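Quick look at what TrEMBL annotates:
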type	residues	note
DOMAIN	639-804	domain 'SSD'
SIGNAL	1-39	signal peptide
TRANSMEM	285-308	transmembrane segment
TRANSMEM	370-390	transmembrane segment
TRANSMEM	640-661	transmembrane segment
TRANSMEM	673-697	transmembrane segment
TRANSMEM	703-725	transmembrane segment
TRANSMEM	746-767	transmembrane segment
TRANSMEM	779-804	transmembrane segment
TRANSMEM	1115-1135	transmembrane segment
TRANSMEM	1142-1161	transmembrane segment
TRANSMEM	1167-1185	transmembrane segment
TRANSMEM	1206-1232	transmembrane segment
TRANSMEM	1244-1267	transmembrane segment
Amino acid sequence: MKVTLEKGSGVRGEMHLPGRKQLFCLLWTIILLSHWVHGQHCIWYGECGNSTKIPEKKLNCNYTGPPIPLPDQEGQDLLKDLCPGLVYGDNRVCCDTQQLKTLKNNIQIPLQFLGRCPACFFNFMTLFCELTCSPRQSDFINSTDFSAFNKSTTNVYSVTYYISLTFANAMYNACSDVQAPSTNVKALSTLCGREASQCTPTNWIQYMFDINNGQVPFAINPNFTDVPIGGMTPMNNETFNCTQSLDDGSGPCSCQDCSAACGPTPVVPPVPPPWTILGLDAMTVIMWCSYIAFLMIFLGAVLGAWCYRRRMVTSEYGPILDSNQSHSINSDGTDFVGDATCCETLGERFENCLRVLFSSWGSMCVRHPLTVILTSVVLVSICSAGLTYMRITTSPVELWSSPSSRARQEKDYFDQHFGPFFRTEQLIITTPVNASFIFSPTSGGPDIHFSSILNITLLHQVLDLQTEITNLTAEYKGETVTLKDICLSPLAPYNDNCTILSVLNYYQNSHEILDREIADEFLVYFDYHTHFMYCVSSPTALDDTSPMHEACMGTFGGPVFPWLALGGYEGTAYNNATALVITFPVNNYLNDTEKLGKALAWEKVFIDFVKNYDNPNLTISFSAERSIEDEIDRESNSDVTTIVISYVIMFVYISLALGHINSFRTVLVDSKISLGIAGILIVLSSVACSLGIFSYIGIPLTLIVIEVIPFLVLAVGVDNIFIIVQTYQRDERMPEEELHQQIGRILGEVAPSMFLSSFSETVAFFLGALSSMPAVRTFSLFAGLAVFIDFLLQISCFVSLLGLDIKRQEANRPDILCCVKLSEGQQGKSEGCLFRFFKKIYAPFILKDWVRPLVVAVFVGMLSFSIAVVNKVEIGLDQKLSMPDDSYMLDYFGNLSEYLHTGAPVYFVVEDGHDYKTIEGQNAVCGGVGCNNNSLVQQIYTASLLTNYTKISNVPSSWLDDYFDWVKPQSSCCRYYNYTGAFCNASVVDKTCVHCRHMTTTGKQRPNGTEFMHFLPWFLSDIPNIKCGKGGHAAYSTAVDLIENNTDVGATYFMSYHSILKTSSDFIDALKMARELTDNITQAIGPQNKTYSVFPYSVFYVFYEQYLTIIYDTAFNLGVSLVAIFVVSTVLLGFELWSAVLVSFTIAMILVNMFGVMWLWDISLNAVSLVNLVMCCGISVEFCSHIVRAFSVSTKSSRVDRAEEALAHMGSSVFSGITLTKFGGILILALSKSQIFQIFYFRMYLSIVLLGAAHGLIFLPVLLSYAGPSANKAKVMAARNRFVGTEREQLIY
């Protein structure tokens, strides 16, 4: 017989035993093996005395005997549930039923956080099951200290637990990625006593076994080793990694809780390289090459044409006139009518109809001035009476977001289902004091640097400030309003403390707790430093594990995450924070004006208090929810003076410039101050009529309308006034012609041009109202109507007033004092200085042969440059620009960008319609075990890994995953009273409370169907406590919309955070990426043939959505305006298509050059600048259409002469009417305190006027001289026939 013994048996070698000794040797071997087995004994059994460290917890009884079978069924069931690996035979273990009950109670919090990952929790339970009940305890646990319980029994007071380093690493690796959905952080941040990134396998286990953590009743000293030490064999049981399934059928952990299960880390798409040619910007290179090519072709053509003209000079009027005869419009042209084309004849007849119509109308207005004026006043009064119904929209949402826009509809959906996003009152506090210091922990470890703002003296001062704010009271309609009346209280009515996101909530907002410390005469062991370091790493902790046992959770029942309450630090070095951020969330109200009024009243008191708060040690920037709107209102009021001065300057200029002074002696008679004032009143009346009519309809005004439209209408109106008056001043009354006939004739000549410009602008503006942007749409409506009413009043009321003023002048009565009659003087007319300058000097110079090519070269160069940079204009509106120069919000915006580390919350909303009661519906959304890899939570988690690209900084808080953890039968969270069926909170000690679900195979699975809905309302009403941290009331009470009497789930949301967003492009990218993400989620969850979808919502989306389509909107609005101008110009210019093309082309050039100026002058593209561009389109019509029409009806012999005549006669009116009028008023806007006025009004208005004048008075005449349309032969013949028999040179319009 051959027997081979293991080394561990104590018997070595081989024994060859003959005969009778075999039985003896076998018995001896069994005895030796029995001794070896019985060497594995227990070190404790049962519970004895209370712990001196934690009196409410028990110590284990010292026991060195063999394992003992569990005596009752309850104990055996508990062992099967908690430690299935120890279930064998008669269940001999080293613990009794009470110890198993204690183990179950102690693992409730870890279960709720780690139970999401079966492998992680299995390894975790192995660690504690082996410690508590293993029949092999003595192999790896050594009792080192005891205390007396009674005469015969002692307590185990200290043990050493030998743990394999391999096991510790495997347990940590399986748990390191597990998330805590309600807090958007990793579970180890709560269970490791430090930030998850600083947690290691050893310090995690050391923390859990630390007698000072408030949970362990006796000292457990872990010893990590992979080799036996002193006869002790380290515990190294089997472990599972997070990608493995367990033996009980539990699946692998989800990607969110196990990075190894995710596959390759997603890669950020490469940023498209800039478009370059030879290393230079491609657009710049292309435009340079195009410009040089154009210059070569153009200059070659000009030179060739010059040489050709030197050899042969011809007239474009060859078909009309004999080239040998001197040109005279007085010659008989009836023989040449047949040469006119059908289109030319139609155009002439249309022109003649307009002339006759306006002549008759003008004559009637002069003959019946009082009737016309009174009728105008009555109609203006009726229209203006609508101003009593005027509503001014100052709400940023109403101003920038269309009710039909996606962001607005999503905001309304969110507000209706979950309530509006809370109002935010926020302080950012820094200090000028240099009070930084070094803290040296007594527990070991490196010294820790604390910044000045975390000095305890300053913290006390900040707490005083915070307390004063919480005690502020306001008055609203005779009622006293406190912060508690309006603040966000997530645990109300059980806990009515206000949510205050402040580091001082780590100290329960108490000076006493802030000063609390544990120290002796030599050292300070625990104080506010240690508590701070613990809380920033574990903000959800209800106990800081120090002897002080202070909570980190705020007094409002929720956590204060350090990235929300601290600023100015790097990474997770919160101790280096240079700013404290205190946020008071206040309830917002959708349709309750009473409650909203109370919130507004308290916010006003808050703003006034902080403005006047003075502490030399603290630098405070702050904001309230109403701050932006208040500052915009204040900005508008503060700029009233600037605007008034601007308009006064323009009014004074108009009043003085209209008069044509023939001599100093007749200055009082020739002055037209009263007529100028009347013209200004007509302009303002047209604005009032437009505002009044739309106020009748119920369309609210915006500040842009009030600030921009008077400027626009004044530009259009003044130009028309100057054209009418100056045309009369240059006209000679014909023999036997009465005044009303003369003014009628003049109106017939100029009114078609006025009608062309005004009607073009009106149609362009009304078509601009098709824009989806409220600010642009409202402006376009009001502007279009105001311009048209202004035109109607000018050809009626102003003409009547002009007739009366001429009669006054002819009667030699002074202006204003018209009752006084002066002595008769010689009446005479002479050309004005400006007209003579344009006629004799400017027009001939600008159209010289050598000047014209230079003009074309310069303006085409400007166009090329502007095209090259048009795609480089920034998009967006910096919030700072909307504030006055002296606004307190500027400091706040600056500190917001400098110090804050987390952006706005973002809610991923699943619309009503998703079925959460089915496994398939749950898997499409959740992020735990068994959930789809492309589920909602999983996709958001993946996006959070690419923060710089997706702008999502945190994993989402998932009510569904927390609900699954809450309802697990192993958890103590979901219980009910056995007799009543009512919910029983985990903190309640009552034997009648039983678990919601049984520890069966079915009970361990997720709830579905009616069971899902039965427990969900309990979860949403459960308040978190130390025994159940998964209660959903604080985190999810508003996240789930229960419908149909709590029998189904409607809309829900899953919250995350954006990364810190500093610039407009950051905000735009965040919105864009969030929408791309939710579009993918909607496809993944597969709502086939269903109407619901997933969408993102954040409070800033409604303001920045416009920028997603701003390029399209700009192109659409300006394109529609140009098309409208082209069509109207074609018709009103007598169907001269080419003339309309030139008008539209020149206006397009002005618009493109405006983009060049915007790039040069740092003016971004947004709704405000788009309104100005639309206005620019309208004003440009004034600069161009009059010149082109004058050119089209000119009868000069060449394009150059026609252009010179048009520029001389119309250029002076355009220059004096628009350019000079606006130039003085615009310069005053530079003195505005408002940055938005300085940039978007002063800079853009100045650019509009200068570019419009330059193109209308310099480039357009040159363009017409090269490429202007040929003369309309029918119009020429009609003009000759109309003035046959006279020798006067006429200005034909």
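Quick reminder: no glycine exception, Cβ is built from N, Cα and C everywhere.
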Where, among 285-308, 703-725, 779-804, 1115-1135, 1167-1185, do we find the most CB pairs under 8 A to the transmembrane segment (370-390)? 779-804
Contact set, same chain, for the transmembrane segment (673-697): CB under 8 Å, 6 or more residues outside the stretch: 379-380, 383-391, 651, 654-659, 705, 709-710, 713-714, 717-718, 721, 725, 781-783, 785-787, 789-790, 793-794, 797-798, 801-802, 805, 815-816, 818
Hey, which of 703-725, 746-767, 779-804, 1142-1161 has the most Cβ-Cβ pairs under 8 Å against the transmembrane segment (1206-1232)? 703-725
If we skip the immediate neighbours and take only residues 6+ beyond the ends of the transmembrane segment (1115-1135), which ones have a Cβ under 8 Å from one of its Cβ atoms? 343-344, 346-348, 350-351, 354, 752, 755-756, 759-761, 763-765, 767-768, 770-771, 776, 780, 1141, 1143-1144, 1147-1148, 1151, 1170, 1173-1174, 1177-1178, 1181, 1185, 1188-1189, 1192, 1272, 1275
Over the span of the domain 'SSD' (639-804), how high is the average pLDDT in this prediction? 80
